[in-house]
Amino acid sequence: MRDVPNIGFISLGCPKNLVDSERILTELRSDGYNIIPSYENADLVIVNTCGFIDSAVQESLEAVGEALKENGKVIVTGCLGAKENQIREVHPKVLEITGPHSYEAVMQHVHKYVPRPERNMYTSLVPAQGVKLTPKHYAYLKISEGCDHRCTFCIIPSMRGDLDSRPIVQILDEAKRLADSGVKELLIVSQDTSAYALDQTKENQNKTVFWNGVPIKNNLISLCEQLATLGIWIRLHYVYPYPHVDNLIPLMAEGKILPYLDIPLQHASPKILKAMKRPGSIDRTLERIKQWREICPELTLRSTFIVGFPGETEEDFQMLLDFLTEAQLDRVGCFKFSPVDGAVATEMAEQVPEEVKEERFHRFMQVQQRISVARLQQKIGKTLAIIIDEIDEYGIIGRSMADAPEIDGVVYVDNISQQAVTVGQIILVTITNADEYDLWGTY
């Protein structure tokens, strides 16, 4: 074995899982291991899995199988790791299996099979912000783990546990390190961002703590107010529509955090929402959306929905289409209901046939596409702040405040010299054209 052991790493799943991968990679680098992006020459391979839906489980199992075939020494972690028996039935030769956010256990297993190397102070230095898998100009910041909801289509609590919020000072310290390292955009993630600190006692929630000499309370609003002082873009994801979310909108209107709200509404039929164990009155939701836009006209609303949930009738589905038309959401994701092993909804009666799910999915997307086209057309002629993600011989590709990386649209700018700008720079672009999802503009 060479002086510095090589660890191969595969990261699957959502941004929350990506943050877990970054934490493990940071621990590996701190311990002196070399991280490589291939099976060849790796002394061990770690696979951080996803287990949210059956297709993700299959992808994870295939990734583990490939790692075993190409390398032979594999440690499995992540959401699917919570189902050890399921993994070992398919891949009995896996060395060790841990559940999600089991950083210490993963490192113990690595040390067991690949002893920790002697540290060289000149080669094993880890940047203050840790190892990041995202481009240097943006990063995901996870503020809590787990979830207290018991949605019938979801098994996240069984894999990641109940809500466990990080201390606010710890979050803010990490955010400042990231900003100091050059990060221009922080994407705040968790299973339920708006529930931040609600798992703590009222005494702890109301307790005054100090950060940078400023007294703050332990809640989401205070967290956002302090993140705003960093002078970078702050984007909120996975914001469950609790009443106190209304208090975030003035911060967006004042330019303290991005006017972008990612709220997973899931459906519009009261019957289906009840079956999903999701709260909320659609009439009240529409009223709140109207109020939010009155306070913050530039607000971008993103949401996700499920079609073909067990018991969904044509009438239920039509309610969803009517809601889309009335709500005029900016960015929307749609998923066909997928059975998940262990989820209550998987065993429900009145399962919707696959061909019906497919047909409803396409109808849903047609309605939302028309809405998206109309809303993006309204941006033509406006000048928007754009953060640059890529620069090539054709121009630049960036994102506006309305666009999160990977899941939303982009802005193309071609009348600009490569030497005039840098990746991560925020520039002003005048929009000249739009299609269903993307914008074009001039600098």
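Cβ atoms are placed via backbone N, Cα and C, with glycine included.
Keep in mind that what you see is a predicted model, and the values were worked out from it rather than measured.
Listed in Swiss-Prot:
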BINDING   C14, C50, C79  [4Fe-4S] cluster 1 binding site
BINDING   C147, C151, C154  [4Fe-4S] cluster 2 binding site
DOMAIN    5-115  domain 'MTTase N-terminal'
DOMAIN    133-374  domain 'Radical SAM core'
DOMAIN    377-443  domain 'TRAM'
### Summary
If you measure between the CA atoms of C50 ([4Fe-4S] cluster 1 binding site) and C151 ([4Fe-4S] cluster 2 binding site) and round to the nearest Å, you get 18
#### Entry: Cα-to-Cα gap, C79 ([4Fe-4S] cluster 1 binding site) vs C147 ([4Fe-4S] cluster 2 binding site), nearest whole Å
14
### Query
Hey, how far is C154 ([4Fe-4S] cluster 2 binding site) from C14 ([4Fe-4S] cluster 1 binding site), Cα to Cα, in Å?
14
### Query
So among the binding-site residues C50, C79, C151, C154, who's got the most Cβ atoms within 10 Å?
C79
### Message
My understanding is the cutoff is Cβ-Cβ under 8 Å with a sequence separation of 6 or more in the same chain; which residues meet that for C147 ([4Fe-4S] cluster 2 binding site)?
### Response
C154, I156, P157, R160, D162, L163, Q191, D192, A195
### Query
Once C147, C151, C154 are set aside, which residues in the chain still have Cβ within 8 Å of the Cβ centroid of the [4Fe-4S] cluster 2 site?
H149, R150, F153, I155, I156, P157, Q191
### Query
Long-range same-chain neighbours of C14 ([4Fe-4S] cluster 1 binding site), Cβ under 8 Å, sequence gap at least 6?
C50, F52
### Task
Report the residues of the chain - excluding C14, C50, C79 - with C-beta within 8 Å of the mean position of the site's C-beta atoms, for the recorded [4Fe-4S] cluster 1 site, in sequence order.
L12, G13, K16, N17, T49, G51, F52, A56, G78, L80, P100
### Message
When secondary structure is assigned with DSSP, how many helix, strand and coil residues does the domain 'MTTase N-terminal' (5-115) contain?
### Response
55 helix, 22 strand, 34 coil
### Query
Which value does the mean pLDDT take for the domain 'TRAM' (377-443) in this predicted structure?
92
